[in-house]
Amino acid sequence: MQWRALVLGLVLLRLGLHGVLWLVFGLGPSMGFYQRFPLSFGFQRLRGLDGSASPASGPAGRPGGPSGPSWMQPPVPGAAAGRRRAPRRPGPGVCGPAHWGYVLGGRGRGPDEYEKRYSGAFPPKLRAQMRDLARGMFVFGYDNYMAHAFPEDELNPIHCRGRGPDRGDPSNLNINDVLGNYSLTLVDALDTLAIMGNSSEFQKAVKLVIDTVSFDKDSTVQVFEATIRVLGSLLSAHRIITDSKQPFGDMTIKDYDNELLHMAHDLAVRLLPAFENTKTGIPYPRVNLKTGVPPDSNNETCTAGAGSLLVEFGILSRLLGDSTFEWVARRAVKALWNLRSNDTGLLGNVVNIQTGRWVGKQSGLGAGLDSFYEYLLKSYILFGEKEDLEMFNAAYQSIQNYLRRGREACNEGEGDPPLYVNVNMFSGQLMNTWIDSLQAFFPGLQVLIGDVEDAICLHAFYYAIWKRYGALPERFNWQLQAPDVLFYPLRPELVESTYLLYQATKNPFYLHVGMDILQSLEKYTKVKCGYATLHHVIDKSKEDRMESFFLSETCKYLYLLFDEENPVHKSGTRYMFTTEGHIVSVDEHLRESPWKEFFSEEGGQDQVGKSEHRPKPHELRVINSSSNCNRVPDERRYSLPLKSIYMRQIDQMVGLI
């Protein structure tokens, strides 16, 4: 019995030491109802490039640097500018010894099994089934909205009824910022009907919008949401109707007299008061569609909300030949840009529109900032204004310097896999240990600028979380290995990045990802009259809400992922998607700008008296001026890692190995 007691004592001692190490590294145990999400957090001994051990190295291999995961470490002072200028890339089909499977220390299943599971064989019949499933998902949600909710803004899919603004509680911004009593879901879904080739329903829906929707409403809405959901959709549908090539089938409307364009103009005019009476040119966050800016309006706005209006406002200006809309949107972008930190080049997430002072100093890729970066690039793609690309390049370099943590190359070298964290805009210091689901758009943006390898790696991280829970929690704490905010409102960002990565690589791995997402949505979110928000990604309880972006984006990107013959992919016209997933054709007409002199009148001085400082832009290459990225993929480079290695490392991350 003594030897048994001795063995038991040694086991308990070992467990106690592990517990002490766990606490010392600041990685306190997650709540008991969460299973372990075995990401690596830097416990492995890092090795130098020569193979020598470097037990005290920091994230950049600094002797004597801080221990712990590189995601927790600050950037190297004075060295940020050169941090990622020339990352080493693996050769074709090569995965270095520190790919995620190695770092995570999992038991590999062997490449043969993964080659079999995720090989090039995604049968055409299965692909057609997934396409039809995605179309059926859209039709089920759309038909139920029309049957039970129209003309209200949204569908409550559990109780099969409509939802409009919350008149009883004006402070309910979660509802009132979005819902304007203007049949939001119908308007937002117009171009999805066209992309799916449903000409009869598209024509019927357009006529219904023209006949029944009015913006002369006593509704206070968020300028950003009204712009991307309603203004953007009206402009997209107008372009589809008036396209002489009609690539999606006959989407013309008999006796159409530019009514959707006139409606877009009317809405934009009602949004213009947001840009008046601000000392910086940054707009108020909300307006009343009938009376203008409310007397008690908030002087604080988020960077994405104020700086992501240029695509829709720019299209409207160029279609009308009226510079007003593009001018106010571009002035807001420049005002925000001039307020960035001189030290890091980063922007915060909340700013005072009167003083230009940063109220929220967090800089990241998610809520409050995401589409600001997206629209710098997409404005350049659409309008060809060089300064938009220069701003994007400089912003992207700052993101790489201060937000990107982990090893230098995605699939090569030692250290933690790359991750983009939230930092203080002035110092670059880590502010928290969570990422939010909106950040999953970023791999898709990286595809557009040709940083495909980093996009592959980052996408794998978000998909690993999806695979773990069957959805993306609104916030995931990568230190605690558990969700911080547990709901999932049917967001499209991961689907969008999956679609764009498939278009860039043509690798069937992303078809498997799309199939997994489709099946999860069908299993966990489908209810009596549509698809419902997940209230809790673990117990899968639901909320009675189907936001309009489910039809305008989530279903659209899933459908396009599996519909290889879609005109979006086959047409000679190149297309781009707005941040709400509305399709716009890229052509020379939108690059005509007779009012260019108006956009440079502020010179190098912004409205709060701060001299403009521009870091040298990091040279990036836009690989294609369309979001569908029609180009020949380098199969040698992307096929093997995606079929075998990336799927294996994802399974290791979610504890399946």
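Residue 1 is the first one shown; counting continues down the chain.
Cβ from N, Cα, C; glycine included.
Since we're looking at a predicted model, the values are computed, not measured.
Features of the protein shown, as given by TrEMBL:
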- GLU225: active site, proton donor (ACT_SITE)
- ASP370: active site (ACT_SITE)
- GLU474: active site, proton donor (ACT_SITE)
- GLU493: active site (ACT_SITE)
- THR579: Ca(2+) binding site (BINDING)
- 52-93: region 'Disordered' (REGION)
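Shown on the structure are the features that TrEMBL records.
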{"residue": "GLU225", "record": "active site, proton donor", "Cβ within 10 Å": "19"}
{"residue": "ASP370", "record": "active site", "Cβ within 10 Å": "25"}
{"residue": "GLU474", "record": "active site, proton donor", "Cβ within 10 Å": "21"}
{"residue": "GLU493", "record": "active site", "Cβ within 10 Å": "25"}
{"residue": "THR579", "record": "Ca(2+) binding site", "Cβ within 10 Å": "25"}
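Looking only at the recorded positions GLU225, GLU493, THR579, the one with its C-alpha closest to GLU474 (active site, proton donor) is GLU493.
Spacing of ASP370 (active site) relative to THR579 (Ca(2+) binding site) is 10 Å (Cα to Cα, whole number). Between the CA atoms of GLU493 (active site) and GLU225 (active site, proton donor) there is a gap of 16 Å, rounded to the nearest whole number.
When the Cα atoms are compared, GLU225 (active site, proton donor) and the residue listed as 'Ca(2+) binding site' turn out to be 11 Å apart.
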